[in-house]
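So the structure is just underneath, and the comments pick up after that.
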Amino acid sequence: RIVSLCCVSASLFQASSLLRACILKCTLDNATLSISLSLPFSLSLLDLSPPASLSISPDRSQFFKYESVSLSCEVQGNSTGWRVVRNTSRGILSECNTDWGKPQGSSCIVSLIPSHSGVYWCESGSGEHSNAVIISVLSNQASLIVSPDTSQFFKYESVSLSCEVLGNSAGWRLKRYTVSGERSDCGGNWGKPQGSSCIVSLIPSHSGVYWCESGSGEHSNAVNITVHAGAVILESPALPVTEGDSVTLRCRYQGTPSDLTAVFYKDGSLIRAVTTGEMTIPAVSKSDEGLYKCTNSEGESPESLMTVTARGSTPSSSPPSSSPPSSSPPPLSPPLSVCLWVGGCSLHLSDHSTGPVLQEEQRCSS
């Protein structure tokens, strides 16, 4: 008897040994398959996850120069022949223990410098690979963090500016240079120091450039902050964003409702109008870099610069001068999608970085 097989939950079925040949045929021939199952039959789970996983400790993507990071290959089964490989922002493809890194068991310990920025992954002798991890190494000893992460504020709003310093933070202070030409430190006639942070209740004369600086003249990245006395501002990232990231720009009205229909502009040219007051760029690229502003029925925001950095590079680094090697790193989330008809039921099998998911398209018949 022919049965209808419907997937009720993604955790109930992931894949079956019966579907292995179908997946291979669909991949090779790009064909649409129709199969029928007769009772009795059995399903066995097929694990489509990568054969290895690269873990990073400490678990973050940005590091200061000379910090150490441990990269470990967690392999299912025999780990012989697996190694940590990288492709730097300069286009240099190499493996741990060549001119970088110190192997420790299945791990690679790296003392980082800016030229180490790039994509890292585990690879076997036969070419199998793990997930990929992007590492950026900051050349500055300190980094200025803005919370909330936006470059425009209304008058009397508060912002927290924090200096994250590698090593001893003694002597580091937050400085600014305002639009009126005033250069001063937090805690003088503006700002309230709280540990390594400075809390500022903003007024328009506070608009300017902010950065962290040490007693010896070392400094962090700089951030532009605009305090607007008008009714409309554009909320956009104060810090550089990375290629491929999702970025949301919000046209904010100080009154109620705050999310009026807004029109967004880039470099003076109209992008589009959005009824929600928000515009999302799903995956930013270098072409999205520029000056943005917005308007709504209550007014117009100032312009803000959105900076986009390449993956694996630092905001201050220049583009690599050499061409990338012919051997490229593994994709960050290689997709696999197979469509099957099983007894009148449409099933969709997708292989994501977190494992395969089987979904029902709600077209089942008894």
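Here, residue 1 is simply the first one shown, and the rest follow in order.
Including glycine, each Cβ sits where the backbone N, Cα and C put it.
Features of the protein shown, as given by TrEMBL:
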- 1-21: signal peptide (SIGNAL)
- 50-180: domain 'Ig-like' (DOMAIN)
- 230-309: domain 'Ig-like' (DOMAIN)
- 292-333: region 'Disordered' (REGION)
- 294-314: compositional bias 'Polar residues' (COMPBIAS)
- 317-333: compositional bias 'Pro residues' (COMPBIAS)
Tally of residues which DSSP labels helix, strand or coil - the compositional bias 'Polar residues' (294-314): 0 helix, 10 strand, 11 coil
Average pLDDT across the domain 'Ig-like' (50-180), rounded to a whole number: 89
